[in-house]
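Written out below as structure tokens is the structure these notes cover.
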Amino acid sequence: MASRAGPRATGSDGSDFQHREKVAGHYKMSASLKNEIKKLIYAHLIIWMLIAAQMCVSHLKLVSKDLVAMPYQWEYPYLLSLVPSLFGLFSFPRNNISYLVISMISTGLFSIGPLIYGTLEMFPMAQQLYRHGKAYRFIFGFSAISVMYLVMVVAVQVHGWQIYYSKKLLDSWFTNTQEKKKK
């Protein structure tokens with residue numbers, strides 16, 4: 001062993017630390033999954049702010065109806081999708097399993113559910129746009145159906161990955177908890 005002031009111990013070249021300085025795999029995985037989920041939550045926050053801005057602009061009549069269409073019915077319950085993301089963020093500091101489970105279930109209910117309903121709600125108008133090339137709602141000159149379907153595709157991917165990574169994180173925390181209980 002080396003001392004602060006003295007010479008290095010004989011037979012040691014300083015590379016004998018690798019067997020001692022390892023972080024357990026489940027801690028690495030937990031940290032990386034938390035990081036991925038946080039990125040997805042921030043992406044969800046951007047989508048949420050875009051939808052909220054569109055709703056505010058149309059309801060407050062800040063611009064004409066020709067520029068920003070009135071919101072669809074699925075957009076109102078989708079605004080509640082911020083709550084599951086907050087539960088997910090609150091679960092991270094102390095590895096709170098119950099908050100993460102609440103986040104996963106309510107993400108399906110408040111995020112994926114309205115998106116599925118929105119797909120069904122807008123399908124007849126999308127069909128009309130495809131068949132006849134006529135759109136009646138616009139967002140800054142683009143067909144509102146096309147814009148909202150694009151937003152929905154991105155949102156479904158974000159929420160799907162969020163649920164997937166949350167499940168993997170939950171499994172990681174749960175196996176770690178079970179190992180502690182066995183000891």
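Each residue, glycine too, has its Cβ placed from N, Cα and C.
Database features, via Swiss-Prot:
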{"type": "TOPO_DOM", "residues": "1-39", "note": "topological domain 'Cytoplasmic'"}
{"type": "TRANSMEM", "residues": "40-60", "note": "transmembrane segment"}
{"type": "TOPO_DOM", "residues": "61-71", "note": "topological domain 'Lumenal'"}
{"type": "TRANSMEM", "residues": "72-92", "note": "transmembrane segment"}
{"type": "TOPO_DOM", "residues": "93-99", "note": "topological domain 'Cytoplasmic'"}
{"type": "TRANSMEM", "residues": "100-120", "note": "transmembrane segment"}
{"type": "TOPO_DOM", "residues": "121-137", "note": "topological domain 'Lumenal'"}
{"type": "TRANSMEM", "residues": "138-158", "note": "transmembrane segment"}
{"type": "TOPO_DOM", "residues": "159-183", "note": "topological domain 'Cytoplasmic'"}
(message) Checking distant contacts: for the transmembrane segment (100-120), what same-chain residues at least six beyond its ends satisfy Cβ-Cβ under 8 A?
(response) 44, 72-75, 77-78, 80-81, 83-85, 87-88, 91, 148-149, 152, 155-156, 159-160, 162-163, 166-167, 169-170, 173
(request) Could you put numbers on the helix, strand and coil content of the topological domain 'Cytoplasmic' (93-99), residue by residue per DSSP? (result) 3 helix, 0 strand, 4 coil
(request) Could you pull out which residues elsewhere in the chain have a CB under 8 Å from any CB of the topological domain 'Lumenal' (121-137), counting only those six or more residues past its ends? (result) 69-70, 72-74, 143-146, 148-149
(request) Could you tell me what the rest of the chain brings near the transmembrane segment (72-92), counting residues at least six beyond its ends with Cβ under 8 Å? (result) 34, 37-38, 41, 44-45, 48, 51-52, 54-55, 98-100, 102-104, 106-107, 109-111, 113-115, 117-118, 121-122, 148, 159, 162, 166
(message) On the 0 to 100 pLDDT scale, where does the topological domain 'Cytoplasmic' (93-99) sit on average?
(response) 94
(message) Give me the DSSP three-state residue breakdown of the topological domain 'Lumenal' (121-137), ordered helix, strand, coil.
(response) 12 helix, 0 strand, 5 coil
(message) Could you give me three numbers for the topological domain 'Cytoplasmic' (159-183), the DSSP helix, strand and coil residue counts?
(response) 24 helix, 0 strand, 1 coil
(message) From the DSSP assignment alone, can you count helix, strand and coil residues within the topological domain 'Lumenal' (61-71)?
(response) 0 helix, 1 strand, 10 coil
(message) Counting only residues 6 or more past its boundaries, what in the same chain has a CB within less than 8 Å of a CB in the topological domain 'Cytoplasmic' (93-99)?
(response) 30, 87, 170, 173-174, 177
(request) For the topological domain 'Lumenal' (61-71), could you work out the same-chain residues 6 or more beyond its ends whose Cβ comes under 8 Å from its Cβ atoms? (result) 51, 54-55, 137-141, 144
